[in-house]
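Please read through the structure below; I'll follow up with questions.
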Amino acid sequence: MRSSLQRRAPTLLRTISRRSQYEAAIISNAPRPAAAATRPAAVAPQKRWHSSVNADEISHFNALASTWWDPHGSSRALHLMNPLRHDFINTCRSTSLSSSTTVTPEPNSQPTAGQQQQHQAPKLRYLDVGCGGGIFAESAARLPSTHSVTAIDAAPVIIQVARQHASKDPLLAEPTKLRYINTTIENLASTLQSSPEGSKFDVVTLFEVIEHVDQPANFLSHLSNHVKPGGWLVLSTIARTWTSWFTTNFMAEDVLGIVPKGTHDWNKYINDDELRGYFSKFADEQGWDLSSLMVQGVVYVPGLGWKEVQGSEKVGNYFLGVQKKA
Amino acid sequence: MAAWHSPLGPSPHAACSSKSNILPISAVMDLLIRKRAAGYVCRSCTRQVQREIRLRRSYSSSARPDIYDVVCVGGGPAGLSLLTALRANPVTSHLRIALVEAQDLSKIKSWKLPPDRFSNRCSSLTPASVRYLDQIGAWHHLDQTRVQDYHEMQVWDGVTDARIEFDTLSSSPTSGPDTTIAYMTENLNLTSGLLKRLEELGGVSTYDNAKVEQITLGAEHPESNLDLREWPVIHLSGGKQLHARLLVGADGANSPVRSFAGIQARGWDYNRHGVVATLALEEQDFPTHQSFSPSGKIAYQRFLPTGPVALLPLPGNFATLVWSTTPENAALLKSLPPKEFIAMVNAAFRLSPVDLSYLHSPASSGTPKEEEYSWRMEHTHINPLSVPQTIIGVQENSIASFPLKFRHADTYIAERVALVGDAAHTIHPLAGQGLNQGQGDIQSLARTISYAVEHGMDIGTTMALESYLSERYAANHVVMGVCDKLHKLYSFESGPLVGLRSLGLRAVNGWEGVKSFLMRQASGGGSML
Ligand SMILES: C[S@@+](CC[C@H](N)C(=O)[O-])C[C@H]1O[C@@H](n2cnc3c(N)ncnc32)[C@H](O)[C@@H]1O
């Protein structure tokens, strides 16, 4: 229903006219009128109006679960992008490490810079929100520099797939390394209350999720409770532009077929300046260090995969990282 | 017992044969591996077994499985270089690694020969391969007195006499001060050096003298919430079982790992055999005319209608022979007494194809070859500077032959499987590229694994291995295609192709661009080839 060009064009036009209203919605924590209005209320969960969870989205992702780990299946684009997420997180963390601590190299050994950090820095606790089948969560759990990964998703079938897949790797079988929880961001705090891991994390990640949630501002403020002082929130999403509509909805879903049809609702895309706006508005209340905020655009090149491209955050997929004040 | 057969003088030293070497030419691995391969279960049979296992839903009752990140089957140059690279890199040095090899590796590690004796399995290592071996700390573990660099190649057409002269100074403007075309050494010197470096690095569980009895898939281990049904399990003689996150097939042209993965290798046989031997040359009493060749050493290759014959320099006045010819010629050469064999090799670089085919024919069997050779040489005009020095001796037990093949696997990767070296591709040994291609493979695979580890990927998945496949497949295909076409071009004695190819070689000689491309192939200077 959201797949054909003919059906899409009117929506697009409608959305343009609604844009200012939509921007206001993001900043003001109010429910999103545009997204809610264009969706059928088919599988309405209870208390939908209080929750960031969009039932449509969840059933869409549940349906993709079985092919999540097929390297040529529905999530190939995410698999290909995954290494860049680690590169971006490293970039974010290395800027804050170099400014706050001076690393003195040991005289006799000459390990690489990454190795030195791994040896000296305490191991990291990750929270991966909207983890899907666990592409990022698994990879983070495998890193020698990781203490543990907590990964949550609102789709129950997907969490099942994620758990099942993790059991194929003995490295992830250690119960403390990687755990999956089927919960919403709203309920996470109470779920983690008695957890020995605590409910605050060094790195909170949100990859290709925010464009799928209702009330993104609400969602982000819940998230911010789980970022440690000095910790990072790192997310990736797609800018809402003509180009991104063309590349993700038309090219990626319809022409290239690298993303399953119906995955994207262009109405819900968020531009980097809208997110910047959010973080500056709540900088004091939530403790964000605005000087740390970083944005990196990435472009999918058929045949080559994802490439970092300066300035492309304005037209398509991008990463954003922001640190909490220590 | 005499080690050297020489018509001109006494044999210098005692014998010590080396039969267990891995030949420089990939196809030979077939012979060695065929025996080992008998015990394997192919992938489809494994699948069958697997299906039965699934039906019965039998869970593993055994103790905790022995799990490795990398299990490499095959301790030849490619396998050992890969493991050395992984151990030498701080990013991958924490991986749990096992090596499985049928031969006794401690014998290979302590391999030693007197200075005037050489194994007949030699390779021409390109500067790129040597640079990498140096980078992973292995190169200085080779016995440097048994390495011979050369800076010039003489290649000519036996029918038309058209020549390509390769020298790095004139043909490769970008080569810089180092003019080395390649380094000749015995494969055993390389494997022995790699084993010493691996010992220094430590951390590899080595199963040598071990036969791989079968490769199956793992089982479910509900007690530890583990599902290893997609993991290869390598069963060794003696009952040991190794689970592999990534199973590397460095196990030669008849790769059992490749059959386990259900990957086809396609190609054809050339109906040619490669004859190898270690030879002694007459001392050089005239200076080489090539002032740019610091070692004064030259590699010679002549294209005969039956296939190319090459003489590659070793230290001292020694050289190694690689002669591709018909199975009949090969059988004849192996059956000849040393004096006659030497005469035949000298003839191969000097006499006309007509004379040569007479020497190889049954009609000539009445007269000893060396008499035929001397008589015919009186009627042949040769510029001594354009052919190798006269061969005066052949090392005892060094003559061997093997069939030549062209094989290319359909892919190099499958879930939890990667193929390198001869397991992935086997070529006509024309340009001596077999071992260097394997080195290119393992450089790419080691880089791929390192990237995957740094980014938290499961190194056994095809998702992680994809870049290895894309980096190497096309590159190998180009090299293999060029070698194969050269072979075909030079396999005709008359007809339009002969005229064409003399034109071809002359054109190549004058055409710097093409020549430097061929040079880059030979010296591995082309980035990934
Ligand atoms: C495009 S997938 C991305 C998955 C994963 N982050 C990755 O990149 O590999 C979006 C995921 O977000 C989940 N999701 C959508 N809305 C959510 C919400 N409100 N709370 C938690 N998860 C949500 C979906 O179930 C789906 O698994």
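Note: Cβ is positioned from N, Cα and C throughout, glycine not excepted.
Sharing the features that TrEMBL gives for it:
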| type | residues | note |
| --- | --- | --- |
| BINDING | A:Arg85, A:Gly130, A:Asp153, A:Phe207 | S-adenosyl-L-methionine binding site |
| BINDING | A:Glu208, A:Glu211, A:His212 | Mg(2+) binding site |
| COMPBIAS | A:105-114 | compositional bias 'Polar residues' |
| REGION | A:96-121 | region 'Disordered' |
What count of other C-beta atoms do you get within 10 angstroms of the C-beta of A:Glu211 (Mg(2+) binding site), across all chains shown?
23
Restricting the comparison to the binding-site residues A:Arg85, A:Gly130, A:Asp153, which residue's C-alpha is spatially nearest the C-alpha of A:Glu211 (Mg(2+) binding site)?
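Result: the closest of the binding-site residues to A:Glu211 (Mg(2+) binding site) is A:Gly130.
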Using the structure shown, find which entry in A:Asp153, A:Glu208 (the binding-site residues) has the sparsest Cβ neighbourhood within 10 Å.
A:Glu208
If you measure from the CA of A:Glu208 (Mg(2+) binding site) out to 10 Å, which binding-site residues from the list A:Arg85, A:Gly130, A:Asp153 are inside that radius?
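Checking Cα-Cα distances against A:Glu208 (Mg(2+) binding site), the binding-site residues within 10 Å turn out to be A:Gly130.
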Do you know offhand how many angstrom separate A:Arg85 (S-adenosyl-L-methionine binding site) and A:His212 (Mg(2+) binding site) by C-alpha?
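Between the Cα atoms of A:Arg85 (S-adenosyl-L-methionine binding site) and A:His212 (Mg(2+) binding site), the distance comes to 19 Å.
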Ranked by the number of other Cβ atoms within 10 Å of their own Cβ, which of the binding-site residues A:Arg85, A:His212 ranks first?
A:Arg85
Give me the CA-CA distance between A:His212 (Mg(2+) binding site) and A:Gly130 (S-adenosyl-L-methionine binding site), in Å, as a whole number.
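So the alpha carbons of A:His212 (Mg(2+) binding site) and A:Gly130 (S-adenosyl-L-methionine binding site) sit roughly 10 Å from each other.
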Near A:Phe207 (S-adenosyl-L-methionine binding site), which residues of its chain come within a Cβ-Cβ distance under 8 Å, counting only those 6 or more away in sequence?
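Result: A:Leu78, A:Met81, A:Arg85, A:Asp128, A:Gly130, A:Phe136, A:Leu235, A:Ser236.
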What kind of secondary structure is A:Phe207 (S-adenosyl-L-methionine binding site) part of, going by DSSP in three states?
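Its secondary structure by DSSP: strand.
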Checking the spread of the S-adenosyl-L-methionine site as listed (A:Arg85, A:Gly130, A:Asp153, A:Phe207): what is the longest Cα-Cα distance, in whole Å?
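Taking every pair among A:Arg85, A:Gly130, A:Asp153, A:Phe207, the longest Cα gap is 18 Å.
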